[in-house]
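Asks: Input: one structure, supplied below.
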Amino acid sequence: MNGSNLEHRIPALPHLGFGDVLLSHSLASTHYTVLAFLLAVCIPSAPRKSILRYGLLLLQITCALQAFVAPPPPTSDSAVLYTSGVLMANLLARYFDRLYTTVPEESFHRITSTKPESREDATKLPITQRLPWALELFSVTRGIGWNWRVSGIPKSTAPKSRSRFVTAQLLTIIAMYAGLYLVEVTCQGLLASYSSPGTTNANAVQTLAGNLVMYALIVLGLALVVYSHFALFVLPLSILCVGLQVGPVAWRDMSAWPPDYGSLWEAYSLRRFWGITWHQQLRRHTGAPAAYLFSFLPDAVRTSKRRSARLTRRYMLMLITFVISGLIHTSGSYHVSRGLGLPLSYGGEVKYFISQAISIMIEDFGCWLLRIDDRSAGEASTVRRWVGYIVTAGWYFWSRVHWSVMPVALASGIQDERGPLFIALEHTRRSAAAVPGNFAAKAWKITP
């Protein structure tokens, strides 16, 4: 009896096995992502074909992949988890393009002058210069100032002075955060004002108009969120580099910071929307896997001038590029389901991006039947433009909401008995609120 009472009075000692110590100090996916990036920057400085280089490369690949199985960062914000998951896959695709399938210091060159064009030879740089060179290589997304500048970067007229450039960038930051605040509070207002299920206080016309407003808010609001993910770093960095003339030489020029998005005026077809209007941040490394696979084809197939061969190459490249983009975004839903302990989900991003590629193929076929050529700017008639705007916007808004936003919101565990459109609206609100540093929200006494 006394032994039993003594046993209950003595607290249980914690298990301090080696495995428990490792688990208690295990790294999160964020740590592995940072380690993989730092190792990628260091690898080009190691001698080629050396044991050191192979060892660093193996360690870098291990860290990049370990990020997908390590515990997600300790947060319950689904928008933050989604963004970090997309970032991990984005960087992995970047490594595939600029590290795994090439020798970076031999393949990628900074442009030191344009008239005539002169390229920097990174193999001749000392280690003190090659490390910053590699940091720039793995940081840039559109290849501005490099020999691999992506196509479709919007043309813009740079301000006449650095002070005007800095002012314009500061105003853009203010407008961006104010827009995010507006998206957040508008979503809050709509979510609070709409009736609960089972009530009928609006006619069909009012319901349709309300739904169209929500579609527009979801699509345009998330477009601003996507923009903010780039601008959050690019805008302050451009102010620092141009305003104070610091950083890489190419970054100190105002022309090195063109807009991320092209003109909506050019988006009168799906091909032009994705090729001209939408951002080019992923264009290089989403197309890299297809280009790598095509490099194994016989020369006769890769260089054939036959129409069937050219069309096959063109559309296979486009389809694979959209699939890779879908996989990158799918990593966000995968990360959310792991971080929140939800059933494993991959969202609907792959289906959505494949649908865009197939739609472009159908659109191209229709234009071919109607003898319409949209490849050149300025040749489309007024009727062609406005019919194109309506068709493109209608398809894009519907497919974006139903095949991308709704599945991602459901995979994030968002629930609303009023239906999936309200779930998508809540996802939009969370995404806008999750963008860090929103001083506009704080200024208006709104918690972001």
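Using N, Cα and C of the backbone, Cβ positions are placed for all residues, glycine too.
Feature list, courtesy of Swiss-Prot:
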CARBOHYD  ASN2  N-linked glycosylation site
TRANSMEM  21-41  transmembrane segment
TRANSMEM  54-74  transmembrane segment
TRANSMEM  79-96  transmembrane segment
TRANSMEM  165-185  transmembrane segment
TRANSMEM  217-237  transmembrane segment
TRANSMEM  316-336  transmembrane segment
TRANSMEM  350-370  transmembrane segment
TRANSMEM  390-410  transmembrane segment
Asks: Give the nonlocal contacts of the transmembrane segment (54-74) in its own chain as ranges (CB under 8 Å, at least six residues past its ends).
Replies: 26-33, 35-36, 39-40, 42-43, 46, 80-81, 84-85, 88, 91-92, 95, 99-100, 331, 334-335, 338-339
Asks: Between the transmembrane segment (165-185) and the transmembrane segment (217-237), are there three or more C-beta pairs closer than 8 Å, counting only pairs 6 or more apart along the chain?
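Replies: Contact confirmed: at least 3 Cβ pairs fall under 8 Å.
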Asks: Counting Cβ pairs under 8 Å that are 6 or more apart in sequence, does the total for the transmembrane segment (79-96) and the transmembrane segment (350-370) reach three or more?
Replies: no
Asks: How about long-range neighbours of the transmembrane segment (217-237): same chain, 6 or more residues beyond its ends, C-beta under 8 Å?
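Replies: For the transmembrane segment (217-237), the nonlocal Cβ contacts are 83, 141, 169, 172-173, 176, 179-180, 183, 186-187, 190, 247, 251, 257, 260-261, 279, 281, 396-397, 400-401, 405, 424-425, 428, 431-432, 435-437.
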